[in-house]
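See structure below.
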């Protein structure tokens, strides 16, 4: 794949794309991605395709956590969420396909290989990407009809063919006898080596004879998933070994390394509607009602220690900016607490600059974006004395249970949250915590929210608490790719990235030694 630059901004990828695909390269709408693309695309299109596919995989992950994969509800929600993205029109459209099908298939291919580059960098990233791509493949394959399945097998040179009429008649009693195969008239069976159907054999879903398994067409996807898993796992390993050769390209490497931490929702860098409506005196009350657990923890640490270390100040200060706290009120809040352990001159000398910097009043005068959940989870884990980070990722299990219980969550609710936490699903655990503390969880409600951002948590909480009196309390909160949280289409500049801590520190002219000195120079 080659990457070029353009002097003029490009319009939407779905309307004007340089990606073209003859049918012989992408012969079927569903692919095993065995052949890498060789087209030339712009860096802007490169990023757009990566972000769009990442949105789809995030939706696949969320729905797969909260619903049984393959169930009617799972398929309904996934089709709805995928339909909210531009990729639905690009390559995931199941019915009513319009436009250039070859171009659509090529976008599918290119976006997959871009994320393959981004997610081959570590074992955890490879495992995540592999899992979501397999689930996406299963969903798409099951939406296709019998004729499309046959075309897929031929186009990918997979030698699985339906059992002939004569052979099927000779084993009809074995196929139709067990309850699992009842009412199988008109159902195709595929004869495959039993070693390629071990999952089905283990679950006794197939008839075995002379080393072959007779697989019903509805279970064929299990065989294909095994093939896809083997190919993709090997490809990710090979790609990771080739990454050092890309280090010379300063355009791609930063983009690829940041994709796994990319925040895909609403921009919280400026909250013009709230600016001035929130004051320093309101923060203590709001923290108890509407702050996510991560920000509650930092706020309590500041109240207790009258000081915050650098990472905590950065995470908390940008969050407060995002909810609409003006600069003068932010200075008042921090000054009030910090001066309980130091004099005003010390605060003004060592801390006021950093607060003004967050608001774009010092240094580069950049409007920095509050940290999203993935940045908080993946970057700069808290050390001893720190209060930042994600409680569902970084807290000790017993301490986390204690903090959740102190919010009024029942014992059963705590166990439910801990189940998601132990599975590594921090954002889903946070969503369940949101439901329980806001009293919107009951026997019929479902966890249908995927918290992407602390400020998203705050806004949803405020809408529940302060919404119009005649508006009924929502039973759930919509999943990640709702229209209000989607990235608007257009240039890649619309996809704002959060600042790295190193960027902020460098621009302030502070070394890590100086930051440590500031953090340690406080009386408790």
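Any Cβ shown, glycine's included, is placed from N, Cα and C.
The region 'Disordered' annotation in TrEMBL covers 1-25, 481-524. Residues annotated as domain 'DNA primase large subunit C-terminal' in TrEMBL: 286-458. If you look up TrEMBL, you'll see 294, 373, 390, 430 marked as [4Fe-4S] cluster binding site. Residues or ranges marked as compositional bias 'Low complexity' by TrEMBL: 481-492. The compositional bias 'Polar residues' annotation in TrEMBL covers 509-524.
The average pLDDT for the domain 'DNA primase large subunit C-terminal' (286-458) in the predicted structure is 89. Surrounding the centroid of the Cβ atoms of 294, 373, 390, 430, where the record places [4Fe-4S] cluster, the chain contributes additional residues within 8 Å, namely 292, 293, 376, 377, 391, 392, 393, 426, 427, 451, 454. Contacts of residue 430 ([4Fe-4S] cluster binding site) defined by a Cβ separation under 8 A and a same-chain sequence distance of 6+ are given as 292, 293, 373, 390, 392, 451, 457, in order along the sequence.
Sequence-distant neighbours of residue 294 ([4Fe-4S] cluster binding site) (same chain, 6+ residues apart, CB-CB distance under 8 A): 315, 376, 388, 389, 390, 391, 454.
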